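Single-structure report; data block below.
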């Protein structure tokens, strides 16, 4: 066991996978010489050379497009988009090429690639360095989407993503890159996509979350325990596929549910969870599903502290659920 | 030789600056361009970068000092010893396991997490608890929207369907009378509870025939009438009421009573047939203890009573009351006669105390003076049975193959079949009849 931050777990995992499989290559802006702006690829170019760790021009369309080509021809590229906010010039390559390749070619070709991107707010990054764009990707059939919140999950799920034969969008909460250190096993392990992690067990209400909001959710859960309210807390970890069974089971147990994320509310993944709950276990509900999310505005630089759901907002939602 | 760090010209036309805060301490290794100190001018606050690498030997100004530009503010030693420090640090970093190496990313990144603690306002503060619970619902029925649709959470609707509860009847404890799960559960339990059977059972709707509204008078169901209604409903819903009827030839009893009347009168007591029926019943109850029992449903036990408290149904102007004659086995016929007369008189005046109206183990109802061939009495629950005695009148009966006129009496025993079987009830009634048909024999064993 070693103690490490989330970003160190990413760097370690990339190193391990590149050592394990020559087909694994890394490409992106500043990923080579500089080691990435968050140092998620630090030291890889020295170790594996510029042919496998490629500094690209400032063109996300080129990064993702090249990755699709590499993937179709037998490599397993791991592309880094410097900030998730920058993905949109490459969005067409992701949606029109990566997501479609298996279907368009009748499975003659697949795109075994990972697109890593630091996501989410809470770092005083303003409009262009704080967004959580997961809804675009989960809405695109053909893409798998992962949204981790811990170092342990980052290692296990990044390995699974790299070894998957289809394109995986891998969202990393930049605010949590260095927030906490935790024990991460040295050995090679993988975690399955589509399996939620139960962070707390309780019978009074269910809190479903993923990614950036993890510290607020867990702190709110502790606050609730102090007043003898016992939440069941689920970290989804993976959004496509997502662990519908675990969520419906937890909601059936508690009758009340909130979904917490820092993405804008409108047509969000939180909305998808809420709609599924309403559609499939309506009879179990003792209150409407509540979404605790970001706001339907461009990410506001001046209100950085308010945009990401706060502990107070989560507790307010809990009160609403219990008093309904 | 340490070099001086001078306060530079921080901006155009700025001549002095206030030393706000030192960012490094004396003895610290500083890198070139590492922020040394915060300085405030009348225009801005800036972090002053170190002009060279080395060890900060001495601070020459203190926080709060206002100093002119070009003033020396610190001494930095660039000597070999100090310069070696970063190399040593680099070597140490290489030797250490990667996860413990200094994480440069924290410093390098433009975008850093805001680590200031956000204030937490806990709406549960003050000991507020989870689901407020049904407590006391303020409305008698479920809340509705403006179209009359019931306000209820889905889980409450589902539970109501499962329990066969009409959700509209459930008092809602949520905001606006919204029905919650706890409300449905409480309502169903209330309906099921035997004690609340009268209050919670489905009611029979009443409709006035059209055009007859003026010919009806409505009075609230109150007082004794309401108690009777509840007690009768409880009896009807709980006991499995069964009837056995028989007849007795009481010619001998009529003669005996006629003969004893003057003596009782001399003692100041009006002698009726009731004390004789009481004694006969007492003796039969002793032979059939089941008839003097009760069912404790909550405990799941049958209660056999070794005391004999006989209730007597009395019709009064206010309604039916049942005074109880206690310890019938310890009283003489004359004592019973006196007590019965007293309690009947006070019942009609409404002067009985509550404890004189409760605690019976068996009851007798006498409707002889009003007419009727025989009745099917309602059991005074939780008693197991009640004996109805009727009019004594001469009827033609067959004795020794000849039709003769005898003083005859119908007796009806209404019993709870859960406790008493039919054969037992019939034999019990025969025991009573044998005694009132041969009262001399009965008196042989009387107290």
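Positions of Cβ are set from backbone N, Cα and C atoms, glycine also.
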Segment assigned the feature region 'Disordered' in TrEMBL (from B:61-80, B:121-140, B:141-160, B:161-180): B:121-140
Listed range which TrEMBL flags as region 'Disordered', given the options B:24-54, B:86-116: B:86-116
Overall pLDDT of the domain 'Lipoyl-binding' (B:2-77), taken as the mean: 83
